[in-house]
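Some notes on the structure that comes next.
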Amino acid sequence: MDDSDEDQRLPHHREPKEFVSLDQLAELGVLSWRLDADNYETDEELKKIRTERGYSYTDFCEVCPEKLPNYEEKIKNFFEEHLHTDEEIRYCVAGSGYFDVRDRDERWIRVWVKKGGMIVLPAGIYHRFTLDTNNYIKAMRLFVGDPVWTPFNRPHDHLPARKEYVKSFVEKDGGNAINAAA
């Protein structure tokens, strides 16, 4: 994505536009699926993913000015670059938003998650979130075991989760419901 300070809810494409493939995102540990958001309660593919990956806890979060208490403060916090010590799993059942992740060269990649998109950010990856110009997302949050939401704002390179992420994905040679643009 570009380095503009314009409205964070805009696409922020570089000129000329550069797109990042799902395979390139997977090389950074970012996984994604396209699922049936209209039938998430009975979706066999979602059940399979939850079973295979051990996602035992779910809840929902609606992010918009009308539904999220302390909206302005929360959206500012979501857009602060941070990491988590566990995976961040989000399944968009309505609306849309952007997850920004860093590539191996510390450039931002903007990942647009829309209805039906499920994204998994690995533990230790620096990232941030913002709504797009529609100003609304309803996301299922999934966790292994009890939910942990603790963000560690950059820099937190000393954390074991960050060290493991760097070892597994950044230093490694190397080189769907999601559109990504650098």
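Glycine is treated like the rest: Cβ placed from N, Cα and C.
Caution: TrEMBL annotation is automatic and unverified by curators.
Copied over from TrEMBL:
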type	residues	note
BINDING	His82, His84, Glu88, His127	Fe(2+) binding site
BINDING	His82, His84, Glu88, His127	Ni(2+) binding site
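His82 (Fe(2+) binding site) has a Cβ environment of 19 other Cβ atoms inside 10 Å. A count of other CB atoms within 10 A of each Cβ picks out His127 as the most crowded of the binding-site residues His84, His127.
Cβ neighbour count for Glu88 (Fe(2+) binding site) (all protein chains, 10 Å cutoff from its Cβ): 22.
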